[in-house]
Amino acid sequence: MSTTHVLGYPRIGARRELKRATEAYWKGEIDQAELERTGRELRARHWQAQRDAGLDWVTVGDFAFYDHVLNVSALLGAVPPRFGDAGETVDLDTTFRMARGRAPTGEPAAACEMTKYFDTNYHYLVPELHADQRFGLASRRLFDEVAEARAAGHPVKVVLTGPLTWLWLGKAKSPGLDRLDLLDGVVDVYGEILQQLGEQGVEWVQLDEPALVQDLPADWQQAYERAYHRLQAGPVKLLLATYFGGLGENLSTALNLPVDGIHIDCVRDPDQLTAVLDRLLPHKVLSLGVIDGRNVWRSDLAALARTLAPVRERLGERLWLAPSCSLLHVPVDLDLETELQPQLRRWLAFARQKLDELVVLGRLLGDRAGAADEQAAAEASAALADRQASTHIHKAEVAERMQRVGPADRQRGQPYPERARKQRKRLALPLFPTTTIGSFPQTAEIRAARRDLKAGRLTPEAYEARMREEIAFAVARQEEIGLDVLVHGEAERNDMVEYFGEQLDGFAFTRAGWVQSYGSRCVKPPIIYGDVSRPRPMTVRWSEYAQSLTGRPMKGMLTGPVTVLQWSFVRDDQPRSETCRQIALALRDEVADLEAAGIPAIQIDEPALREGLPLQQRQWPGYLDWAVDCFRLTASVAQDATQIHTHMCYSEFNDIMGAIATLDADVITIETSRSDMELLEVFEGFEYPNEIGPGVYDIHSPNTPSVDWMVRLMEKAARRIPVERLWVNPDCGLKTRAWAEVEPALQNMVAAAEILRERYGQAQTRVATQGKR
């Protein structure tokens, strides 16, 4: 039988126990001892799940109260100076302050930058790197968890982000710093970590190096060789884990490293297996990621067993089996989904079920397969056949509409300068117009109303009335604060993707299919199982009502097609581009209906546009072609006088600014405050033709930004972008904040805009052209 293991397991708990405990701790409702107790209980439960399934190794080190990359920063003592002297040990509250800006103890400070983890919807805390930075072993947490698992009798394999990937994910904060200048100091600490793990009796350590699936410069390839030649002297065996794609140009580098085994992703890049097998050294283990760690579809175990049989014959006991990547990216347990349509449920496998798939596959490849294993494989094959034949998946009318799409459907009526003239006449906005990104706080009352509606305790009519009250409250607050372009606040929306998916055909929803996005923030991605279409308008009545309450312009709020795709579990029986075009056509109808209802501005959020970018640059053009095509297909139905906004967050834009400009949105708002407007450096060499709103405060931190801080950020922006094309706005939506935090921050933002108008030009008087309706 092949050795089975996972690269990582979801840490949040099947019922989001970790979320509830951490948020209770932040609010002072429980103490740190209670929080730690919850962590121990979850770890024990997750380790036991792996053991009960029959895995050969139990993976330890994947747990984090906030983020596993942040855990490594704490382990290395890489704490930015603004958080004070962490001393010899980085405590839990210090990591929370790094992540959130504040914690129950310690002084508040600006939170560390947060961005997407490779091409996933998981966010990590970016390590801050400084010249002459010193590293040292500064946390016992990993070793304590190993002791916990060994005390429970588990066969422990430790997982840890590798030293090169940790540096690759970091950001140089000192001018001219080459991150590789810090490698020797980092590797020194890794050597100490491996030594202590060996002393604890650990045999295998999995070092995650997904940076190896990206295009690495030659000096980084050489750095891998230098670092791992030093680490090979340790007392433990090293499994180099790569995932999220194929090794590509780094294949020789990875295979020649002095490690005891290597893991490759055979879901994202099955074609790399042949080259790896041909060059694998005879003493090395090969771990194959053959169960999809990023999607929820059941695997065809019999087909996998047939494919892998020759590999098993060739490698024998050196063949390990695993998911393609950590199971962090899928929901915990399908057994909790008692309300899913039974046919669809048979097609799925969540993290807990993927453990079973893995073990059955291992037995099928060995000499231990029993009748139950053969039955499990037969059931999986039958489920796949049922899915392929299902009449719920394909719709003739969707296919016919896709065939009718032509070039004119992707083109606005006039170029931006002419559109801008018409929009300025219609909207009559001042210099440095202010707006928000869309959502306002989802209060306990809003969430209770949604729960009551689902439970039948609140009628649809009563729920509608409650949401109208919330919209009226949000509109009134915005008018009092003095914002220029308003939003309805999205009180009725549970999630920016789920809300739309619930109203589109071809989507299904879970009750407990939660996945960690960052920290305590969890999302419940929809499952796109079939052709997508829009039976009826989704947002129009809410935006139309909000506009009736004010003479100021109201923005309609839509989630863009690429983001809906990226933040869903997507069907794997057709190209993702085809599914995205179906979503774009559905949203196009919503844009047309919003415009017909008199909404003068429509925001089509695409925060996940860059997230979908392939990790290897040679694959970028194909993706960007269809992603831009889908946005334009959604937006181009709008008339010239309707202002189209888009929003992007957590993105490095330098390498795709051409594609972003090709979207041809009239206004783009972006996340820039955590990076201190560094993202705007791209505009020194690229003249973005349309309007832009660089975020002036970090909504992920509860700290209130000062007026001077926001003025300074906008002055930096004004050095790169003409002031007549600048907007003033937060980084992102305000859903996760409280009104007590939101109002002072927005008041300061409006005050900053007024100062900027005085400095850069005479403030214009609003001419309200719409009036109350």
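A Cβ is built for glycine as well, from the same backbone N, Cα and C atoms used for every other residue.
Annotated 5-methyltetrahydropteroyltri-L-glutamate binding site per Swiss-Prot: R16, E17, L18, K19, K116, R521, C522, W567, E611, in sequence order. As annotated by Swiss-Prot, L-methionine binding site applies to I437, G438, S439, E490, D605. Feature annotation from Swiss-Prot assigns L-homocysteine binding site to I437, G438, S439, E490, D605. According to Swiss-Prot, the Zn(2+) binding site annotation covers H647, C649, E671, C732, on the basis of sequence analysis. Sequence annotations record features per position, and here Swiss-Prot assigns active site, proton donor to H700.
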Note to self: Spatially, and counting Cα to Cα, which of the binding-site residues is closest to L18 (5-methyltetrahydropteroyltri-L-glutamate binding site)? Options: G438, S439, H647.
What the structure shows: S439
Margin query: Counting across all protein chains present, how many other Cβ atoms fall within 10 Å of the Cβ of L18 (5-methyltetrahydropteroyltri-L-glutamate binding site)?
Written below: 25
Next item on the list: Name the one residue among E490, D605, C649, E671, H700 whose Cα is closest in three-dimensional space to that of K116 (5-methyltetrahydropteroyltri-L-glutamate binding site); these are the recorded positions.
Entry: C649
Next item on the list: Measure from the CA atom of C649 (Zn(2+) binding site) to the CA atom of D605 (L-methionine binding site) and give the result in Å, rounded to a whole number.
Entry: 10
Next item on the list: Check the recorded positions R16, K116, H700 for other C-beta atoms within 10 angstroms of each C-beta and report the one with the most.
Entry: H700
Next item on the list: For C649 (Zn(2+) binding site), just give me the three-state DSSP call.
Entry: coil
Next item on the list: Among the recorded positions R16, C522, E611, H647, H700, C732, report those whose Cα falls within 10 Å of that of I437 (L-methionine binding site); none is a fine answer.
Entry: H647, C732
Margin query: What's the number of neighbouring CB atoms sitting within 10 A of the CB on C649 (Zn(2+) binding site)?
Written below: 26
Next item on the list: Taking the residues I437, G438, S439, E490, D605, which the record names as binding L-methionine, find the longest CA to CA distance and state it in Å to the nearest whole number.
Entry: 13
Margin query: Using only C-alpha positions, which one of E490, C522, H700 is spatially nearest C649 (Zn(2+) binding site)? These are the recorded positions in the record.
Written below: H700
Margin query: Other than I437, G438, S439, E490, D605 themselves, what residues in this chain have Cβ atoms within 8 Å of the centroid of the L-methionine site's Cβ atoms?
Written below: T436, V487, M496, M557, Q603, H647, C732, G733, K735
Check: When DSSP states are folded down to helix, strand and coil, where does I437 (L-methionine binding site) land?
Finding: coil
